[in-house]
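First up is the structure itself, then whatever we jot down about it.
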Amino acid sequence: MASPCTTYQPSPGSPEDDSMVLFSTSTSCSPAKQSTRTHSNSSSFHSSSPPPPPPQSSSNNKTYELRVRNLSYTISPNSSLFSSLIKKSTKPKISILKSVSFVAGCSEILAIVGPSGTGKSTLLRVISGRVRNKDFDTKSIYLNDHAITSPVQLRNICGYVAQEDNLLPLLTVNETLMFSAKFRLRGMSSKEREERVENLMQELGLDHVADNFVGDEENRGISGGERKRVSIGVDMIHDPNILLLDEPTSGLDSSSALQVIELLSSMAKTKHRTIILSIHQPSYRILQYISNLLILNHGSVVHYGSLESLEENISRLGYEIPVQLNPLEFAMEIISVLENQDLHSKYQSCSYLRWEEAIIQDGANKEVIDQAKTSAVSNSGCSSLFEIAVLCSRFWKIIYRTKQLFLARTMQALVGGFGLGSVYIKMRNDEGGVTERLGLFAFSLSFLLSSTVEALPIYLQERRVIMKEASRGAYKISSYMIANTIIFLPFLFAVAILFAVPVYWIVGLNPSITAFVFFTFVVWVIVLMASSLVLFLSAVSPDFISGNSLICTVLGAFFLFSGYFIPKECIPKYWLFMYYVSLYRYPLDALLTNEYWSLRSKCFSWNDENHSECLLTGYDVLKNRGLDKDTRWMNVGIMFAFFVFYRVICWIILARKVSKTTI
């Protein structure tokens with residue numbers, strides 16, 4: 001077998017373009033051979049750290065060598081609505097990557113380095129398959145010399161760790177990895193998943209914090225380095241052969257950053273994984289664990305090779321590296337010079353590479369594709385019932401541990417119920433009491449509908465985690481919506497009871513038990529409807545401030561056109577549709593009908609003290625609101641329709657966002 005470390009020497013006068021790139025026919029890796037690539041006795045680079053641990057046998061014999069050939073990627077600038085209406089006003093596309101070529105071998109770490117805005121994150125997203133099909137180049141990415149024809153194949157083979165730690169802060173480390181295992185390893189038994197999680201925590205050095213909360217800026221939890229290792233574990237739970245990480249050391253102190261890189265190096269050596277990461281200004285000790293460097297500037301390759309070859313290239317250009325800087329730091333200072341060097345020097349800097357055309361073998365290529373398809377089937381083969389059950393379990397843990405939400409809802413219901421009861425205590429059964437009851441119902445509606453706003457931050461926090469998990473095939477958005485509904489039904493029912501009991505009996509509403517049960521049921525449906533509205537608005541809001549403003553605006557408009565302030569007959573025709581879509585109108589009518597329907601013949605106002613002539617009966621109260629028929633259950637049905645409608649719209653929006661996400 002030919003060695004993949006042969007030097008390509010371009011012949012004088014031969015065209016040297018970017019179409020030439022390294023490809024070999026090797027599909028396995030020899031750690032001993034790789035060590036000769038990455039360490040040279042002539043190097044001026046030294047470190048006081050101990051060398052990486054020797055490679056051990058891997059249980060996974062399948063290895064991949066990722067080869068990228070002339071990869072380019074462009075995006076279209078966001079055009080304004082005005083410009084999009086004008087023909088021939090198309091803006092030129094922005095080129096992010098320009099003919100990028102490199103090889104990432106197994107048991108090695110390839111570091112992508114460069115100034116901000118050079119396309120490092122974009123390159124990682126492309127080679128991990130997190131781009132749309134129409135933007136994917138089917139002739140640029142190869143696994144073991146076999147072309148990848150779809151980004152789905154890469155998503156199923158590669159693990160991708162984003163720069164942000166998208167984790168749920170109120171889950172423990174063990175629970176976070178276990179839920180990931182349940183979604184990604186559905187073919188395993190519960191005992192096998194538990195063993196996999198325990199082994200992974202030991203491998204990641206997280207077993208001592210297994211029962212600690214992940215935490216975030218507001219909730220105290222594990223350290224930043226440990227949180228980064230949890231993020232790595234979430235995307236390694238299915239044991240991918242290729243692991244891609246976007247700036248895994250970002251935001252970490254030097255010690256934590258070194259621990260993360262040491263961990264990745266150990267994984268690469270012991271499991272023969274192919275690891276590619278982007279990094280900013282690594283220290284001397286971190287550079288020891290990096291096999292090859294891919295330096296980008298303005299989307300083009302400035303240097304590709306070992307640290308030793310980078311030193312030689314800098315020396316060849318006549319520069320001397322200062323003692324206080326490592327070669328990579330100095331290369332960032334003269335990156336424009338490196339970018340402008342001639343192509344012949346660029347190729348010579350990769351002195352251990354052999355450049356030749358890839359040989360595509362259909363039979364072997366089919367094996368790679370079949371494995372990707374098998375992985376996809378295994379990730380999506382479990383029934384939706386399993387997804388719903390696991391998501392319900394996770395939802396309950398989060399709600400139970402979200403003390404702010406739990407206590408806020410409970411206190412709001414109790415304080416609101418007893419507070420309103422103390423204001424309207426033992427209302428009179430006269431004309432003034434009728435007016436007071438209408439005011440009580442209107443204020444109760446406003447209180448109940450606006451009390452669900454505090455759930456907005458939780459929905460926004462979960463949304464990014466949902467985008468990541470659903471886009472990677474962990475579960476379907478429909479399963480998430482059903483699980484969310486199942487868990488919130490009993491929780492909001494308890495809130496409805498805590499509010500309804502004190503209000504109803506302290507105020508002295510209709511003494512019928514049937515009327516009380518219906519009143520409690522309507523309160524429950526009101527908070528369900530409001531919860532769906534907040535969930536829908538959280539799906540379309542970019543942040544908490546805009547989401548809170550949007551909720552207040554929508555609820556204010558619904559209250560204005562509910563018929564309480566402005567009768568239906570006085571609403572302008574162009575605003576009449578708001579009367580029919582108002583979330584206040586139907587529960588208000590249901591509560592009034594429930595209060596007075598069984599008291600239609602009761603008189604609430606007499607002409608004189610002798611009660612000889614009745615001026616206002618319960619039927620008159622209902623008729624003044626246009627409620628001459630018992631429409632209680634029809635109103636409840638419309639409220640349930642709103643409850644379902646907003647959740648369906650939320651499901652559609654989230655599903656569309658998941659289809660476009662590249663997290």
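Including glycine, each Cβ sits where the backbone N, Cα and C put it.
TrEMBL annotations:
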type	residues	note
COMPBIAS	1-11	compositional bias 'Polar residues'
COMPBIAS	22-39	compositional bias 'Polar residues'
DOMAIN	66-323	domain 'ABC transporter'
REGION	1-61	region 'Disordered'
TRANSMEM	406-425	transmembrane segment
TRANSMEM	437-460	transmembrane segment
TRANSMEM	481-507	transmembrane segment
TRANSMEM	513-537	transmembrane segment
TRANSMEM	544-566	transmembrane segment
TRANSMEM	633-654	transmembrane segment
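Contact counts against the transmembrane segment (437-460), taken as Cβ pairs under 8 Å, peak for 544-566 among the stretches 481-507, 544-566, 633-654. Here the transmembrane segment (544-566) has long-range neighbours at 438, 442, 445-446, 449-450, 453, 456-457, 460, 533-534, 537-538, 575, 578-579, 581-585, 588, 625, meaning same-chain residues at least 6 beyond its ends whose C-beta is under 8 angstroms from one of its own. In the predicted model, the domain 'ABC transporter' (66-323) shows an average pLDDT of 86.
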